[in-house]
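**Student:** Quick one: the structure is below, and I'll ask about it shortly.
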């Protein structure tokens, strides 16, 4: 690390590096949103390696709406239409139609079935016919510019996977409290300590990417 960098930036870069190391090891990370935006934390795992126990954790401890963040190119290759033609969502979250694996699942609801659907969708050789609609996994289309274009969890997920050298796809779900309310920052850190997940913010990822651009480093690939 450059010792001349401001302390705050160094801290942000270190947080991202810890998260990338965890993702490379197939572990999860918690990404917090800006307090002035959605003000929530999402639990994120690499799509290429997500396990049944990890999926069960997402279903049990989070909102249950498990999303699969993918690039625009991947969404197009799977011929997934957007959920609505006119997106009136306040944050322009780009949902496509929901999906289910065409083979190898039963009702599609179980953790094992959802992992099968994710693995099917992100396979390099995946075809549109490999998926059925509707289903219990909700794909999200990331903007090409990542968090520098849209500072959302969808873009943060794809950016993190690329920065980690993984396939640019990840699963996420919003962290909730036992009473069903959204987890705040204190609950997020408590959950992090309990499960050993690194915590970082979308702002940290923005700072990391801007630092790469300033130094000319190649952190993202198509």
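Placed from the backbone N, Cα and C atoms, the Cβ positions cover glycine too.
These figures come from a predicted structure and were not determined experimentally.
Here Swiss-Prot flags 37, 38, 42, 150, 151, 152, 153, 154, 174 as D-ribulose 5-phosphate binding site. Look at Swiss-Prot and you will find 38 tagged as Mg(2+) 1 binding site, backed by sequence analysis. The Mg(2+) 2 binding site feature in Swiss-Prot is assigned to 38, 153; the stated evidence is sequence analysis. Taken from Swiss-Prot, the feature site 'Essential for catalytic activity' applies to 136, 174, supported by sequence analysis.
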**Student:** Report the member of 136, 153 (the recorded positions) whose C-beta atom has the most other C-beta atoms within 10 angstroms.
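**Tutor:** It comes out as 153.
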**Student:** For residue 151 (D-ribulose 5-phosphate binding site) and residue 136 (site 'Essential for catalytic activity'), determine the Cα separation and express it in whole Å.
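**Tutor:** With distance taken Cα to Cα, residue 136 (site 'Essential for catalytic activity') is 25 Å from residue 151 (D-ribulose 5-phosphate binding site).
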**Student:** State the Cα to Cα distance, in Å, between residue 136 (site 'Essential for catalytic activity') and residue 153 (D-ribulose 5-phosphate binding site), rounded to an integer.
**Tutor:** 19
**Student:** Under 8 Å between C-beta atoms and at least six apart in sequence, can you list the same-chain neighbours of residue 174 (D-ribulose 5-phosphate binding site), or say none if there are none?
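**Tutor:** Long-range Cβ contacts: 40, 41, 42, 62, 63, 65, 182.
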**Student:** If you run the three-state DSSP split on residue 174 (D-ribulose 5-phosphate binding site), which class comes out?
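**Tutor:** SS state of residue 174 (D-ribulose 5-phosphate binding site) = strand.
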**Student:** Using the structure shown, find which entry in 42, 151 (the binding-site residues) has the sparsest Cβ neighbourhood within 10 Å.
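**Tutor:** Taking 42, 151 as the binding-site residues, the minimal 10 Å Cβ count falls on 151.
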**Student:** Helix, strand or coil at residue 151 (D-ribulose 5-phosphate binding site), per DSSP?
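**Tutor:** DSSP assigns residue 151 (D-ribulose 5-phosphate binding site) to coil.
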